[in-house]
Amino acid sequence: MKFRIGELADKCGVNKETIRYYERLGLIPEPERTEKGYRMYSQQTVDRLHFIKRMQELGFTLNEIDKLLGVVDRDEAKCRDMYDFTILKIEDIQRKIEDLKRIERMLMDLKERCPENKDIYECPIIETLMKK
């Protein structure tokens, strides 16, 4: 079955411009065209767009998705390649979690030192943030 760009957009929950953008980036292949120039997309493109959206939901950037699709598209790709890619993403997420925990601790500390009845120019939160 083939889909025009509007049908593909509706089916995948994206807009037409997103599809064109992904084409320019090479995330999805350039589609066949009708004699009148309409783009006609395959079910394979539908599956690929669903994959891209799911990866974005999991926190992958378009650059990371492009690299991942490069692994998927290689004929000689092995499951180990996906495993290695996943390990790198897990390590990246763990670093981000540690950074967020550090920021949370700092903000909790600032919140505890904030007397609510002081004027803004005496606020320890602002004083601390301006010093660093």
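We count from 1, first residue shown onward.
Placement of Cβ uses the backbone N, Cα and C atoms for every residue, glycine included.
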According to Swiss-Prot, which stretch among 5-24, 85-104, 105-124 corresponds to the feature DNA-binding region?
5-24
Looking at the DNA-binding region (5-24) alone, can you tell me the average pLDDT?
96
Most crowded position, judged by CB atoms within 10 A, among C79, C114, C123 as binding-site residues:
C123
For the DNA-binding region (5-24), what are the same-chain contacts with Cβ under 8 Å, counting residues 6+ beyond its ends?
30-31, 38-39, 41, 45-46, 49-50, 52-53
Taking DSSP as the reference, which of helix, strand or coil describes C79 (Hg(2+) binding site)?
helix
